Protein chains: 2
Amino acid sequence: MKILEDRIKKDGRVLGEDVLKVDNFLNHQVDPQLMQEMGDEFARLFDGEKIDKVLTVESSGIAPAIFAAAALNVPMVFARKKKSITLSSESYIADVYSFTKQETNHVMIDKRFLHEGERVLIIDDFLANGQAVTGLMEIADAANAEVVGVGIVIEKTFQKGRAMLDEKGVHVESLARIAAFEDGQVVFAD
Amino acid sequence: MKILEDRIKKDGRVLGEDVLKVDNFLNHQVDPQLMQEMGDEFARLFDGEKIDKVLTVESSGIAPAIFAAAALNVPMVFARKKKSITLSSESYIADVYSFTKQETNHVMIDKRFLHEGERVLIIDDFLANGQAVTGLMEIADAANAEVVGVGIVIEKTFQKGRAMLDEKGVHVESLARIAAFEDGQVVFAD
């Protein structure tokens, strides 16, 4: 998506070898017009699929996911992230390991908001090692819901998340695909 | 706002004496069409005010705030909530006490995203004791930004947040105002 790539070039900050900070338009300060265009683009990319619900994880997934849900005219559900949980019969729960923070969190979705046979689109801000997406897929699986596809704002193709999802046969669409960081600059995949 | 009140009557769940759960359309499962109408309504209610930025707190404030920001055509910044913080010269930080959870959290906004003289609109999902809004106002104050107003999705008029903001002369607009819960039913203020 050209306007997103341009925005990453203009406002993204590369830190170290593999970190891209986009906190001035995506995950701290948020550009609503860009979010709307991204939501429309996700709807276009998954056009033809029947989608009942959009799933994401708080907090950075919420803005892109709510505009995708608006464009698809379906509800959005965001999983809550918790450091510690008490097991409950009321929620689906999955573990999500964060490589950046080196800690395991739990994500949970109330059973009232995900049902057998529902066709869900998972949206997230980043795809790196695929931990958050895998957690949401586990939850969908536990609910006997079907994951129609995964929509990602920024994918780092050099980390293992994409390959893992491809192996599982998941339909993944990323609005920007980053192949590498070179001399502090972003190199996009074709 | 009629459609919001109708939705609260239809889908809200009153728990105990003073808790209203709206997790099926506002803060877990989210209705994007309703969020869009709420965002438009906030823009209408603060029409005539020059607004440079919308502020909120993760996570439940994000959906209404991003649509208000979209309608106003300005950026939205969501404060990050942290249990523990390391003081930093890079962020504005305020304490927010949660009466429901009986714990103090910190909210923080990167100094790059709030500037002297900026006119900000604070949006949040609930106004009860006003702790989150007060935290954001402290942050705006520390940045020498000006709080133009506070937009609330659901206000509980019987808790002390509204009175406290009125005393400070803050322009508050709430889309739904709840005067009481009676026999498990919501009673709206006039």
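Every residue gets a Cβ built from N, Cα and C, even glycine.
Copied from TrEMBL, the annotated features are:
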- A:Leu20, A:Asn27, A:Lys156: xanthine binding site (BINDING)
- A:44-157: domain 'Phosphoribosyltransferase' (DOMAIN)
- A:Ala128, A:Asn129, A:Gly130, A:Gln131, A:Ala132: 5-phospho-alpha-D-ribose 1-diphosphate binding site (BINDING)
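Structural mapping of features recorded in TrEMBL.
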residue: A:Leu20; record: xanthine binding site; contacts (Cβ under 8 Å, 6+ apart): A:Ile8, A:Gly12, A:Arg13, A:Val14, A:Ile154, A:Lys156, A:Ile178, A:Phe181, A:Val186
residue: A:Asn27; record: xanthine binding site; contacts (Cβ under 8 Å, 6+ apart): A:Ser59, A:Ser60, A:Asp125
residue: A:Ala128; record: 5-phospho-alpha-D-ribose 1-diphosphate binding site; contacts (Cβ under 8 Å, 6+ apart): A:Asp18, A:Phe99, A:Lys156, A:Gln159, A:Gly161
residue: A:Asn129; record: 5-phospho-alpha-D-ribose 1-diphosphate binding site; contacts (Cβ under 8 Å, 6+ apart): A:Phe99, A:Gln159, A:Lys160, A:Gly161
residue: A:Gly130; record: 5-phospho-alpha-D-ribose 1-diphosphate binding site; contacts (Cβ under 8 Å, 6+ apart): A:Lys160, A:Gly161, A:Arg162, A:Met164, A:Leu165
residue: A:Gln131; record: 5-phospho-alpha-D-ribose 1-diphosphate binding site; contacts (Cβ under 8 Å, 6+ apart): A:Val96, A:Tyr97, A:Ser98, A:Phe99, A:Gly161
residue: A:Ala132; record: 5-phospho-alpha-D-ribose 1-diphosphate binding site; contacts (Cβ under 8 Å, 6+ apart): A:Val57, A:Gly61, A:Val96, A:Val107, A:Asp124
Collapsed DSSP category at A:Asn27 (xanthine binding site): coil
Cβ-Cβ neighbours of A:Lys156 (xanthine binding site) (radius 10 Å): 24
Secondary structure tally of the domain 'Phosphoribosyltransferase' (A:44-157) (DSSP, helix then strand then coil): 28 helix, 48 strand, 38 coil
For the 5-phospho-alpha-D-ribose 1-diphosphate site built from A:Ala128, A:Asn129, A:Gly130, A:Gln131, A:Ala132, further residues of that chain with CB within 8 A of the site's CB center: A:Val96, A:Phe99, A:Phe126, A:Leu127, A:Val133, A:Thr134, A:Gln159, A:Gly161
Check: same-chain CB within 8 A of xanthine site center, minus A:Leu20, A:Asn27, A:Lys156: A:Gly12, A:Val19, A:Lys21, A:Val22, A:Leu26, A:Asp125, A:Phe126, A:Ala128, A:Ile154, A:Ile178
